């Protein structure tokens, strides 16, 4: 995709953040010089613009939470997102506000996409559909503040894994693995992997470890007697109260979220977002970045005679 093929662009700004709203207006003016149809909305507004079949691109000015909310609106439609960071971490963003024009221009010239998996979930009660939808980061089953442990039969592709007691269970996509999953001692997955991370949260007697499954795996959680008040949480933004005997089905959807451009490398993203902590005092020359492998090799080899 390049600037010539872009006709319909939606700009979404983080709600109640004047800096994001002001920059959104500037970018909208800039985009109208290059595209036929440009609209701008605040993130909290449920808008018919998301459903426009002619939509070519969404520019998101916000943090990871804003990006997740926007991505759920268009999941599965292969509409690429370009993300400008107005959040605390900005793990999903590639462009900083002070370099938006350079970054956005480079993205629009790019024909590269990064695809990521999502999740489809369904909550069933006595065989009846109660709720359902999509997640970009994760789906979490957890106990309430005063409740007992969550007790559930866990099935993968119809096969019983076991009956497990835990504070909760988390199923994460690859791009979501840098959030709650890694905080709960789950694996950190390369973001373009079509894989899911299953993470028990404080399982009783450590009866089950975190695991990685193929994206197409279908999970079923059946809440057993002994579970009192518990919650189903989607991307940390949507919650549903669950009851004993409720069933939650979750399956991965490969390649259903798109980001435009190559963006930062995975390792660079981890370093700049403080997922990999570096102490420059560990290096003899007090550099703020680690030495290159080539430099280390030359030091070990010593001077050439």
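Residue numbering: from 1, along the chain as shown.
Glycine residues also receive a Cβ, built from the backbone N, Cα and C atoms like all the rest.
Unlike curated entries, TrEMBL annotations are predicted automatically.
The 10 Å shell around the Cβ of residue 64 (active site, proton acceptor) contains 25 further Cβ atoms across the protein chains shown. Per TrEMBL, the feature active site, proton acceptor maps to 64.
In the three-state DSSP classification, residue 237 (NAD(+) binding site) falls within coil. The NAD(+) binding site annotation in TrEMBL covers 64, 65, 137, 138, 148, 165, 167, 175, 237.
Annotated compositional bias 'Basic and acidic residues' per TrEMBL: 286-298, in sequence order.
The region 'Disordered' annotation in TrEMBL covers 286-305.
Among 64, 65, 137, 138, 148, 165, 167, 175, 237, the residues given in the record as binding NAD(+), the maximal Cα to Cα distance rounds to 31 Å. Residue 64 (active site, proton acceptor) is 10 Å away from residue 137 (NAD(+) binding site) when you measure Cα to Cα. Ranking the binding-site residues 137, 237 by C-beta neighbours within 10 Å puts 137 at the top. Here the CA atom of residue 64 (active site, proton acceptor) lies 12 Å from the CA atom of residue 237 (NAD(+) binding site). Comparing the binding-site residues 148, 167 on other C-beta atoms within 10 angstroms of each C-beta gives the minimum for 148. On the backbone, the CA of residue 167 (NAD(+) binding site) and the CA of residue 64 (active site, proton acceptor) stand 25 Å apart.
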